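Everything below concerns the one structure shown next.
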Amino acid sequence: MSTDTVRTAQPASGQGGSARDGAALRMTWLVARREIRLRAKTRVFVITTVIMLIAVALAVALPAILSGKSKPTRVGIVGGDTTTLSSIVTEAGRLSGGQAIAVTEPSQAAAEAALRSGDLGAVLVDGKEIIVKQVPLGGPSGAVASLAQLAGLSHLIQTVPGAASAVAQGVSLPVRGLQAPSTSLSSRLTGLFTVIVVWILISVYGSQIALGIGEEKSSRVIEVLLSTVRPTQLLIGKVLGIGLLALGQAVAMVLVFIIAGFASGSNLVHGATLGVVIAGGVFIVLGYAFYCTAFAAAGSLVSRQSDVNSTIMPVQLPLILAYALSYTVIYANGASKFYHVLGFLPPTAPIAMPVLYAAGDVPLWQVAVSAVICAAGVVWMARIAVRIYANSILKTGPRISFRQAIRESRNA
């Protein structure tokens, strides 16, 4: 009878494990909700979010709006019917929303020299070919693209009987560059924008996590929390809650980026630049997960909140290195081998890889490999951070060094 009673009272091991897992997830989510409610209602968070969204919208829309007031495109004409080709150039400028001026050149060599010096924006040769200094990776745009279509249609109608029916097929002249194509400036600037967003989100929210943990530890609030919540649940809940706020800001900035870009006709939302934004979004998530668990572990090592900033500085050093060197990649012709290595290391890849991809120095498959390595690094860092946090969060006294914390967490 007693055996039957025991069997009735004890749930199956699988059901008990599922119940415990469910309770742990609920507790973790309660901690995350607490962090979201506490921080989302603060005036600082609201004002910061609004300012960042306005800054993104202006950064995308202003260049496109101001480009309409830029200087007209000067197009050199070599050979052919000068009068007809000049009218085509003028019409191409009008269709592109700007202005194009036809300039008659004595020879193709003279026109190419003017093209290299920047005096001309394009050259129309015999009405059959367009030459530019450098063709963007996304293809010609603006007045040059309109000129290629109009001149191509004119040439086809003149040379092929009945070719007027080919209008709907989008006929255009070939566009040749004097120099090899390179990553467009818009892609590089988008990469720089992405890197700045990664840097701000990780630095700001990582510091908030570390400062929050340091405050709870110094005020002994942590002892009350740990009486009902396990250290692992508390750590993951904090990182998840603040991370969802950071992710919400990042998603809002990307949406504003895309909407403002399409509304203003910006080139930043076309071609490779949109891919740079998407790749940057992936590394924002991976970088946050990697660094904010590390920041949380660092915050648990101090007993006074005033010591938090000096404690998290070593954690930030790889990020600072990658960020400082990113400008040399954006404005240079190619990245160094050292920076390529940084693109595959979890501490530096969230900054380095979006820059490398924006500059055209790595193919898409290398971006994917780097993301997989970063994901593995996140798992590794989370395991170490949880052990350090659980072992150090209730300790008081002088600041614990990282070496001591790692050694003690291994022995715990």
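Each residue, glycine too, has its Cβ placed from N, Cα and C.
So that you can see what the record holds, here are the features copied from TrEMBL:
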- 1-20: region 'Disordered' (REGION)
- 1-13: compositional bias 'Polar residues' (COMPBIAS)
- 44-66: transmembrane segment (TRANSMEM)
- 45-379: domain 'ABC-2 type transporter transmembrane' (DOMAIN)
- 192-214: transmembrane segment (TRANSMEM)
- 234-260: transmembrane segment (TRANSMEM)
- 272-291: transmembrane segment (TRANSMEM)
- 311-331: transmembrane segment (TRANSMEM)
- 338-359: transmembrane segment (TRANSMEM)
- 365-386: transmembrane segment (TRANSMEM)
Report, as numbers and ranges, which residues of the same chain sit near the transmembrane segment (338-359): CB under 8 Å and 6 or more residues beyond its ends.
183, 187-188, 190-192, 194-195, 198-199, 202, 275-276, 279-280, 283-284, 286-287, 290-291, 318-319, 321-323, 325-326, 328-330, 332, 366-367, 369-371, 373-374, 376-378, 380-381
Do any residues of this chain, six or more beyond the ends of the transmembrane segment (272-291), have a C-beta under 8 angstroms from a C-beta of it, and if so which?
137-138, 183-184, 186-187, 190-191, 194-195, 197-198, 201-202, 205-206, 239, 243, 246-247, 250-251, 254, 257-258, 315-316, 319, 346-347, 349-351, 353-354, 357-358, 360, 364, 367, 371, 374-375, 377-378, 381-382
Would you kindly list the residues that approach the transmembrane segment (192-214) from elsewhere in its chain, counting only those six or more residues past its ends and only Cβ-Cβ distances under 8 Å?
35, 39, 52, 56, 59, 222, 238-239, 242-243, 245-246, 249-250, 253, 276-277, 279-280, 283-284, 287-288, 291-292, 294-296, 298-300, 302, 304-305, 307-309, 311-312, 315-316, 319, 323, 326-327, 330, 350-351, 354-355, 358, 393
When you scan the chain for residues with a C-beta under 8 Å from the transmembrane segment (365-386), skipping those not six or more beyond its ends, what do you find?
231-232, 235-236, 279, 282-283, 286-287, 289-290, 293-294, 296-297, 343-347, 349-350, 353, 356-357, 406, 409
